[in-house]
Amino acid sequence: MKGSHLFLYLFSMSCWLNLTPTAGNKIFHFGPCRISMSVTEIRSGFTAIKANIQARDPIRTLSILSYPHSLHRVKSSDRCCITHHLFNFYVDKVFKHCKTEDSYVNRKISSIANSFLSVKRKLGQCHEQNKCMCGQESAKKFKQILVNYEGLNVTSAAIKSLGELDILLDWMEKSR
């Protein structure tokens, strides 16, 4: 009898710990996917380099993420898909081309990239479990982001995308 109570207690604690975010983490709901991440950590790293990165952006009249309504009015059912695409986009395209001569800035970029890689993996698992459905709207919005990105040279596009990271973080926190 004591063994079964101990087992039940340990099992309950294990479930509770898996559902409770670690210190500084928040749970984000992207459609049916629940992802734990520390936006505070990402935002802190970005804030430390934001002025430096945005000063390197030669084209201030164009936006990659804010192009008329790229992230606005995304349906709840499409949030997982577009977020999955955006984290892949940042890990696979943006961070690979964001190198500066400033080692401090490079370390912050690397730290942000590692956080994104962790979330990308979690979103990938959700996507593989078919919880992350991609509708026509999310495909259209992401395609527009890619068109905006690919309209610039690789380095300028990466710097601009990194400089707009606060747009993505704000959108994620609003859709929480």
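Each position is counted from 1, following the chain as shown.
Keep in mind that glycine also has a Cβ here, set from the backbone N, Cα and C atoms.
According to TrEMBL, the feature signal peptide maps to 1-24.
Among the features that TrEMBL reports, disulfide bond is placed at CYS33-CYS126 (among others). Counting only same-chain residues six or more apart in sequence, the Cβ atoms lying under 8 angstroms from the Cβ of CYS33 (disulfide bond) belong to CYS80, LYS122, LEU123, CYS126, LYS131, CYS132.
Here TrEMBL flags CYS80-CYS132 (among others) as disulfide bond.
Of all Cβ atoms in the shown protein chains, 26 besides its own fall within 10 Å of the Cβ of CYS81 (disulfide bond). According to TrEMBL, the disulfide bond annotation covers CYS81-CYS134 (among others).
Here the disulfide-bonded residues are CYS126, CYS132, CYS134; the one with the fewest Cβ atoms within 10 Å of its Cβ is CYS134.
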